[in-house]
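Taken from TrEMBL as is:
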TRANSMEM  39-61  transmembrane segment
TRANSMEM  396-416  transmembrane segment
DOMAIN    396-670  domain 'G-protein coupled receptors family 3 profile'
TRANSMEM  436-463  transmembrane segment
TRANSMEM  509-528  transmembrane segment
TRANSMEM  560-581  transmembrane segment
TRANSMEM  593-615  transmembrane segment
TRANSMEM  635-657  transmembrane segment
Amino acid sequence: MSIFSLSLFCFLFVFIFSLIPPFNFLSFAFHQCTYSVSSYSLSLSLFCHLIILLSGGVCIAQSLKIPREPRPGEFDKIILRLLETPSARAIVMFANEDDIRRVLDAAKRNNQTGHFLWVGSDSWGSKISPVVQQESVAEGAITILPKRASIEAFDRYFKSRSLSNNRRNVWFAEFWEENFVCKLGMHGKRPGSPKKCTGLEKVGRDSSYEQEGKVQFVMDAVYAMAHALHRMHRDLCSGYPGLCPRMSNIDGKELLGYIRNVSFNGSAKTPVVFNENGDAPGRYDIYQYQNTNRSAEYRIIGHWTDHLHLNIDAMQWASEDHAVPISVCSLPCQMGERKKVVKGVPCCWHCERCEGYQYQASEFTCQLCPYEQRPDRNRTGCQPIPIIKLEWHSPWAVVPIFIAILGILATTFVVVTFVRYNDTPIVRASGREMSYVLLTGIFLCYFITFPMMAAPGVAVCSFRRIFLGLGMCFSYAALLTKTNRIHRIFEQGKCSVAAPRFISPASQLVITFSLISVQLMGVFVWFVSDPPHTIVDYGEQRTQDPGNSRGVLKCDISDLSLICSLGYSILLMVTCTVYAIKTRGVPETFNEAKPIGFTMYTTCIIWLAFIPIFFGTAQSAERMYIQTATLTVSLSLSASVSLGMLYMPKVYVIILHPEQNVPKRKRSFKAIVTAATVTNKLSHLASERPNGEVKTELCESVDNSTASTKTTYVSYTNHAI
C-alpha cells in the first residue's frame, strides 16, 4: 500500500467513525514487515497516528505488532492484550489475509465473538479466505477496496492464453499447474502425483476465473508511463524517430515531472490524473461483512470520491437489537456535566457535575450564574430566581395581624370611653391631654403591623420609616414626661413648698412634642439622605440548593437603620424606666407612678427578649418572616402592656363602678410631700429597727411635722400630679 493509499485509508476510517458517534476509542493491530523506511508498518505509525491526532475525536488505545513469523499462541496474546482496554472494541487491522484469519480465529477461541468491531484495509477488502468458517466473529467488519471495474478486454486476452502462445512469461507454466491442479513434464507420471497437464486446458472453462481487482490500476499505471514517455519524446526529440540522444540519458526527476502531468481516461473510462504530490485521486468502496438468514456476504455501505458517502441505515451489527456497538473510553456526559479530559488522552474524560449555582457553559467548562439567577433544571443555562414577599395569609403574618386588630379595637374602645367621660374625675385626674397622646402612640404601635406586612413599595416603605419608631416615641415621650413631672414635684417638695416649673398640661404637651420632634427630624434626614425604595435581597434565602433559593422583595431598611429608628424610642423607654424607679416610693393613692413603673419593667423585659430573637436569626432562611413577626409582636405587646396597666383599670371603674368616679378631697402640696417623705422614711426604718420602735418614731415625726406646718397651701384636685 502506498503512502497516499495508507493516509487516505486513515482519513476514511476517521470520517467513518465521526459519523458513528459511539466509536472514538480504537486499537491497532498491524503486520511487522521487513521493508524499508517507507514500509507498511512505519507508514502506519507516521501517517495514521499523525492523522488521528490532527483530526481529533478518535484516540488510539493500543498499537500492537503482528510478528512476521509468529510463534504458537502469539495471536491469543494479541487478543488478551486488546482486552486490557475492553472499552476499545473497534480494532483497525493492517495485515495480510493470513494474519487477519488467524486474529479472527484467536478471537473466536477466546469467546470474544461479537465483542470486537473489525476495520480492515484493502488487504482484507471483500476476500472470502479471511472469514471462512469464522462468519460469526467477523460479522459487522468494515473494509475498503479501491473502486474498480472489470476490464473485458483483459478477460478476453487472458482467457485466450495457453502454454503454446504465452511462452514469453516464465511464470505462466507455474500458474498453469496450480490453476488446473496438474503437473507438466515427467512428474505427472509418478504414482501419487497430480494428473499430467495436457496443454489443452482453457482458463475460465476448466477452472474458476475472476479478474484480479488491481488489473485496472496496473493497466492505468502502464498507460501513464507510456503517455509520459510519449510527451517527453515529443518535447525532447522533436519528431526524431526512435530514442534520440537527448533521451538516452534522462534524469529521473525530469521523467517524474512528465508522469505527474499526464491526464487521460483510463481503462475503466475514469480520469487518470496526479496532484502536486504525485498522488492519484482516491476512489474507494466501503464494505461491511453482514450475516443474513441465508448466507454471509460483503455489502457495499458507502463509497469515497472526493468526500465520504456512508449509508448508516444499511449497516448491520452482530447485536440482537441491531444497536450500534460502543467503542469509547468514556460515555458522553449528562446535561449539566462538564468533561474533565484525561491528560494526553483526549477521548477519555471524567464527568463532573456543575455544582451550586454553576451551569454548563460549554462541553468542558462550568460558569457561575449571575447573582440574581440560578441554574435551570438541566443546568444548561440560567433562569431568574423567584421573588417572594411576606403574604397576608402566611402564619407569620396572621398572628401579628390578629394581635394588632385586637389592640386597635381595645385602644379605640378606651379612646371612645375617655371622650365620652371626658369631664369625669378619673379622666381628668389621669391627665386628659397626656392620655390622648399616649393612646395615640399605643394606636400607632398596633397600626405599624399592617405596613410591615404589606407588599413593599415606595409608599409602604415610606410608612414604615415614619411609623416604625413613631408609635413608641409617642408612648414613651408621654410616659417620660409624666414620670419626670412626678419626680420633679416630690424632689421640689423636699426643699420648698413652691410648685416646680413646667408642670401644667400645656407645658407637658410642649415637652412631649419636643421629644417627639427629635424622632421626626431623624426620619426627615433619613428621607433626604436615602429616599425610600425597594430592593430584592438574593442573599437572605440563597441556600446551598439553588432550587430552594428565593429573592426577597423588601424595603431598603438595613439593620443599622432599624436600630437608629428604634434606638431613640428605646432611649426614651430606658430613661422613663429610670424615673419610674426613682418615683417608686410615691404613695399609690396620690398618682399612677407605680402602674407606670410596672409598665416600664414589663416593657424592658419584652425588648430584652426581642434583641436576641431578632438578631439571632440573621442567618436563618426564614429571617424575613421571623424578624418581621418578632418586631411587630414586640411593638404590639409593648402597647398592650401600657394599655392594660394604665387604662384598663380606669375604664373598668368608669364603666362598671361609676360610684367610684367621684371627686376626692383636696390636699395641699405640702401635705402630699410630707406624706411621701414619711412613707420613704418608714420604708427606710423598717429595714433597720423592730416594728414597735418604727411606729413610735413615725408618730412623733408626723406630729412634729404637723405642728410646724405653715398655713399656705397649694391644692391639687383628686391628687392629679
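Start at 1 and count along the chain as shown; that gives each residue its number.
Cβ coordinates are placed from backbone N, Cα and C, and glycine is handled just like the others.
In TrEMBL, annotation is done automatically, which means it is predicted and not curated.
Taking Cβ pairs closer than 8 Å, the transmembrane segment (509-528) reaches residues 433-434, 437, 462, 465-466, 469-470, 473-474, 477-478, 480-481, 484, 502, 561, 564-565, 568-569, 572 in its own chain, all 6 or more past its ends. Between the transmembrane segment (436-463) and the transmembrane segment (396-416) there are 3 or more Cβ pairs closer than 8 Å, counting only residues 6 or more apart in sequence, so the two stretches are in contact.
Here the transmembrane segment (635-657) does not lie next to the transmembrane segment (560-581) in space: the count of CB pairs under 8 Å, restricted to residues six or more apart, is fewer than 3. On the 0 to 100 pLDDT scale, the domain 'G-protein coupled receptors family 3 profile' (396-670) averages 84 in the predicted structure.
Within the chain, the transmembrane segment (396-416) has long-range Cβ neighbours (under 8 A, six or more residues past its boundaries) at 390, 436, 439, 442-443, 445-447, 449-450, 452-453, 622, 625-626, 628-629, 632-633, 636-637, 639-640, 643, 647-648, 651. Packing against the transmembrane segment (560-581) from elsewhere in the chain are residues 465, 468-469, 472-473, 476-477, 479-480, 483-484, 486-487, 515, 518-519, 522-523, 526, 593, 596-597, 599-601, 603-604, 607: each is 6 or more residues past its ends and has a CB under 8 Å from a CB in it.
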